[in-house]
Amino acid sequence: MQRVNLSTVSEFVLVGLSDAPEVRLLLFVLFLIIYLATMAGNITILVAIGTDTSLHNPMYFFLGNLSLLDILCPTITVPKMLEALLLENKVISFTGCMLQLFFLIDVVSTEIFLLAVMAYDRYVAISHPLQYMNIMSMKLCAHLAIGTWVVGVFNSLLHTSLIFTLLFCDSNEVDQYYCDIPPVLALSCSPTYGRELVILTVAGVLGSSAFVVTLISYIYILTAILCVYSSESRHKAFFTCGSHLTVVCLFYGTTICTYVRPSSTYSPNQDRIVSMLYGILTPLLNPIIYTLRNKEVKCALRRVISQVRTALTR
């Protein structure tokens with residue numbers, strides 16, 4: 001029989017980052033600037049990919065999906081954090097907390113699998129350059145992209161249902177600036193061991209699967225690069241994969257530190273810093289990494305900026 005939510009808690013209070021007025025104002029300005037820069041960077045990349053025909057290929061199709069995720073990820077948490085910093089409104093409803101956690105897990109899960117798909121795409125491009133467009137057809141790319149989003153939704157549904165069918169009957173202070181798995185689990189007055197075990201197992205299996213695909217892809221990529229005799233070709237191949245590998249290291253490192261461990265090891269101060277790395281800074285850095293290291297994207301962005309300027313001067 002499905003367990004009914006018997007929680008007496010109807011709302012949660014997000015502890016936030018600071019109670020000092022001068023610090024809160026400084027943090028508000030800082031995170032507002034970061035959020036707006038993140039939106040501007042990722043939207044610009046989406047516009048460039050959508051309008052420039054030279055970027056209509058599998059690599060940039062997946063990059064567009066990554067930019068969309070990088071827009072969604074901070075949008076789930078940052079606006080509420082800014083509201084708490086500016087207006088001191090730290091209250092979030094039970095439903096609001098549940099939805100925030102659902103969408104966050106959905107986006108994080110989708111991005112993990114999307115990075116694995118992007119690694120496979122780079123493997124095909126380097127190991128089978130002549131057959132690349134035939135293998136990575138737009139139909140296959142669409143199926144792979146949809147698959148990552150679908151897996152993210154189902155993974156999020158499982159995690160959210162396991163957490164929010166627990167009993168919450170005492171403290172309602174979430175020791176984080178948004179609703180996240182470890183601090184919400186810590187508030188439950190129900191036994192959580194069994195559900196934590198399921199969450200860790202599912203996260204471990206899915207995360208490990210995506211990591212193995214990424215790792216194997218890069219092993220084959222490295223092997224293929226070392227078999228190329230031209231040093232110029234090797235440099236170009238490493239340059240092509242460097243951006244993606246940097247993003248993979250940033251994202252996997254921070255998410256593993258946050259989610260792949262028991263809630264008993266939860267450290268609020270440490271987790272706030274780590275969650276900011278993957279939830280706020282990584283979406284900001286991704287477009288910078290791809291723009292600075294990719295000549296095609298830079299050229300496309302220049303054309304977009306030139307077109308905007310021309311339109312504004314008319």
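Each Cβ is built from the backbone N, Cα and C atoms, and glycine gets one as well.
Note that TrEMBL annotation is computational and uncurated.
Long-range contacts of the transmembrane segment (25-48) within the same chain, counting only residues at least 6 positions beyond its ends with a Cβ under 8 Å from a Cβ of the stretch, are 17-18, 55, 63-64, 67-68, 70-71, 74, 78-79, 81-82, 85-86, 280-281, 283-284, 286-288, 290-291, 297, 300-301, 303-304. Residues annotated as transmembrane segment in TrEMBL: 25-48 (among others).
Annotated domain 'G-protein coupled receptors family 1 profile' per TrEMBL: 41-290, in sequence order.
Feature annotation from TrEMBL assigns transmembrane segment to 60-78 (among others).
The feature transmembrane segment is assigned by TrEMBL to 98-120 (among others). Below 8 angstroms of C-beta separation, residues 59, 62-63, 65-66, 69, 72-73, 76-77, 80, 92, 144-145, 147-149, 151-153, 155-157, 159-160, 163-164, 178-181, 184, 206-207, 209-211, 213-214, 217-218, 221, 244, 247-248, 251-252, 255, 259, 278-279 of the same chain, each at least six residues beyond the ends of the transmembrane segment (98-120), sit close to that stretch.
Residues or ranges marked as transmembrane segment by TrEMBL: 140-168 (among others).
Summarising the annotation, TrEMBL assigns transmembrane segment to 197-230 (among others).
Marked as transmembrane segment by TrEMBL: 237-261 (among others).
Summarising the annotation, TrEMBL assigns transmembrane segment to 273-292 (among others). Long-range contacts of the transmembrane segment (273-292) within its own chain (CB-CB distance under 8 A, at least 6 residues past either end) are made by residues 31, 34-35, 37-38, 41-42, 44-45, 63, 66-67, 69-71, 73-74, 77-78, 104, 108, 176, 178, 180, 243, 246-247, 250-251, 254-255, 257-258, 298, 301.
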